[in-house]
Each structure stands twice: as structure tokens, then as C-alpha cells.
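Copied over from Swiss-Prot, here are the features:
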{"type": "BINDING", "residues": "Ser10, Phe11, His18, Gly93, Val94, Arg95, Glu103, His127, Ala128, His129, Val130, Ser131, Ser132, Ser133", "note": "ATP binding site"}
{"type": "BINDING", "residues": "Ser10, Lys42, Leu78, Lys92", "note": "substrate binding site"}
{"type": "SITE", "residues": "His18", "note": "site 'Transition state stabilizer'"}
Amino acid sequence: MQRIAVVPGSFDPVTLGHLDVIRRAARLYDELVVLVVHNPGKTPMLPLGERVALIERVIRDAGLPDTVRVDSWGAGLLVDYCRQVGATVLVKGVRSQLDVTYETPMALVNRDLADVETVLLLPDPAHAHVSSSLVRQVEALGGDVTPYVPAAVADALAVRRAG
């Protein structure tokens, strides 16, 4: 039986921390779906389609195997998506105890609703302070985001800023 896991996130934009979690999760599961989700509580900097395209490029540039794919989910419960693709695990990156506190109730509900387990991965310490919201703030103020994002993302943001 194939072990399929989903790494959900808004990825607005995808960071080196995200890539670290994706890379490590890809080694743990037979198939990994990086799921770009619409979060109704957030106003995205990048449209959903652009985020999907950027993550696809980042995954390709990182040389990750074909067992890693990207998809998007516009609305609904993550466990419904998991059922559709046969996934039994959600993988989340957690940077701090605050992230663990935030993720715990959702993990318990996901397990209750669909018998989907949540695996929390700690980041590489080099990326533990990086978040998409931090990158958006630095970008909005004209700062250099290259230490925090893959090259394809830095390039796309530079083009966007110039454009």
C-alpha cells in the first residue's frame, strides 16, 4: 500500500523553510502532494495559480523526485482532499511552540473526521525564523528576500516589483 502524504499551505510565497519540510517529507512517504490552499482568512500577495507555478518550479529546480507533485484546493476541509487522493497523513512544519499550539487542535479534529494523522516536522535551524509573512513584509518594504526564498521565487518577486 502506498503511503501518501499532503503538505498543505498557502505558500505565499514559498520559502526555504517550506522547501526544507517538503524535501524531508518526500523522503518519508511514497508520494507527496504539496497542496496550495486558499485561506479565507488571508489576502494573498500572489494569486493561487502563480503560487502553484512557483512551487512546481522550485520543486523541479530542487531536483525532487517525480513522486512529489503540486495541487491546489480552493475550499473545504483538508481531510476531504486527503480522502480524494488516498492520503492518510498531513505534514506540517512547525517553527515554535506557538505553531505546535496552533496545529494541535486541527490535528485532533482531522484525525476525528477522517482518520488522517498529522506529522509535525521541525525546520532546519537556519530557517526556523522564516515565514511567508516575514518575506511579504521585507518585500513590501523593498528589502532583499534572497536569504529566505528559493531563487525562482526571488526572481519572480523582483520581476513583480519592477513590473
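Note: Cβ is positioned from N, Cα and C throughout, glycine not excepted.
Neighbour counts were taken as the number of other C-beta atoms within 10 angstroms of each residue's C-beta; across the binding-site residues His18, Lys42, Lys92, the minimum falls on Lys42. Secondary structure from DSSP puts His18 (ATP binding site) in a helix. Every protein chain shown contributes to the tally, and the Cβ of Glu103 (ATP binding site) ends up with 17 other Cβ atoms within 10 Å. Other C-beta atoms found within 10 angstroms of the C-beta of Ala128 (ATP binding site) number 15, with every protein chain shown included. When the binding-site residues Ser10, Glu103, Ala128 are screened for a C-alpha within 10 angstroms of the C-alpha of Lys92 (substrate binding site), the residues that qualify, in sequence order, are Glu103.
For the recorded site, Val130 (ATP binding site), the DSSP three-state label reads coil.
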